[in-house]
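Take a look at the structure below.
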Amino acid sequence: MVDYGSVHRLCLLLVCCFSSISMTTSATPKKAMTVPFSNNYIPTWSSDHIKYFNGGNEIQLNLDNFTGTGFHSKESYLFGYFHMHIKLVAGDSAGTVTAFYLSSNGNEHDEVDFEFLGNRTGEPYILQTNVFTGGVGNREQRIYLWFDPTANYHTYSVLWNSYLITFFVDDIPIRIFKNTENLGVKFASEQPMKLYSSLWNADDWATRGGLEKTDWSKAPFVASYKGFYIDACDATLDDEYCETEGKKWWNQKEYRDLDAAQYRRLMWVHRKFTIYNYCTDKARFPKKPIECKVNKDA
Ligand SMILES: *[C@@H]1O[C@H](CO)[C@@H](O)[C@H](O)[C@H]1NC(C)=O
Ligand SMILES: *[C@@H]1O[C@H](CO)[C@@H](O)[C@H](O)[C@H]1NC(C)=O
């Protein structure tokens, strides 16, 4: 919950040099501070399969042949910057899925998904993303990651304002979903969302379409998390304020579209790492979905 004004006041006060937060034209989301898991999140199920380290600043989700586990944010948010540092299941992770997503409740829900599909040792992980608006999804994209996501923590994040939703991997935009309500496509504009994450067994579909099964002799499967700070508008506190063009940093002009450098990086990801893109799947969508053109996705 910082705005430029308070950041600059803080800088003056501390006589510090937050050069990385200073006002530049490039609109890379801000770095977050460290807070314990329990400040913002609670377990969703099987809380005994979550382990805590460093005073709760770092956690591990465990999946074994009995159960997986998951957690979610205590509050619901309407717009903001949502991020998580995740180190994915190492070694033989085939059949497992680790997910990090935003979702609202109800039938016509909105959802913004990262899903990491495990694989055999040494084989690449695949990142699947999807966007649901007003209950309609079917907007899958799949990419290879350009690094080994099991070796170190990497940052997976979403910047959501009333203009667009941007997915980032380590601050590199990998996908955008613009508000095209004026063209008749629903956008996530009104429903507050919670953050969710989970690790579970999905060997009926996750790896090579379900051909590769989970090897339970390798259990427990472990995914590690840190970075539990949430920089977003808490809709339980000020729902109406969240919907207006407030002074929150993610509403400012430089966050309403990508800049040229960010578009170049987005195109680099599309060109080099795309495995599947619903925008170019003519069998499923003989008529190209409207948002694909606007998003320069195809
Ligand atoms: C689960 O794993 C444990 C430890 O490897 C094993 O003893 C047990 O038989 C397994 N249970 C099932 C239902 O596969
Ligand atoms: C797993 O690795 C194989 C072999 O490299 C690859 O074909 C496959 O796409 C990878 N990912 C998934 C999710 O199946």
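Using N, Cα and C of the backbone, Cβ positions are placed for all residues, glycine too.
The active site, proton donor annotation in TrEMBL covers GLU115. In sequence order, VAL97, THR98, ALA99, TYR101, LEU127, GLN128, THR129, ASN130 constitute the residues six or more apart from GLU115 (active site, proton donor) in its chain with CB-CB distances below 8 Å. Annotation note: GLU115 (active site, proton donor) sits in a strand segment as assigned by DSSP.
Among the features that TrEMBL reports, domain 'GH16' is placed at 28-225.
Residues or ranges marked as N-linked glycosylation site in TrEMBL: ASN119.
Annotation source TrEMBL lists signal peptide at 1-27.
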| Chain-internal residues near ASN119 (N-linked glycosylation site), provided their CB is under 8 angstroms and they sit 6+ positions away | SER93, ALA94, TYR125, ILE126, THR207, GLU212
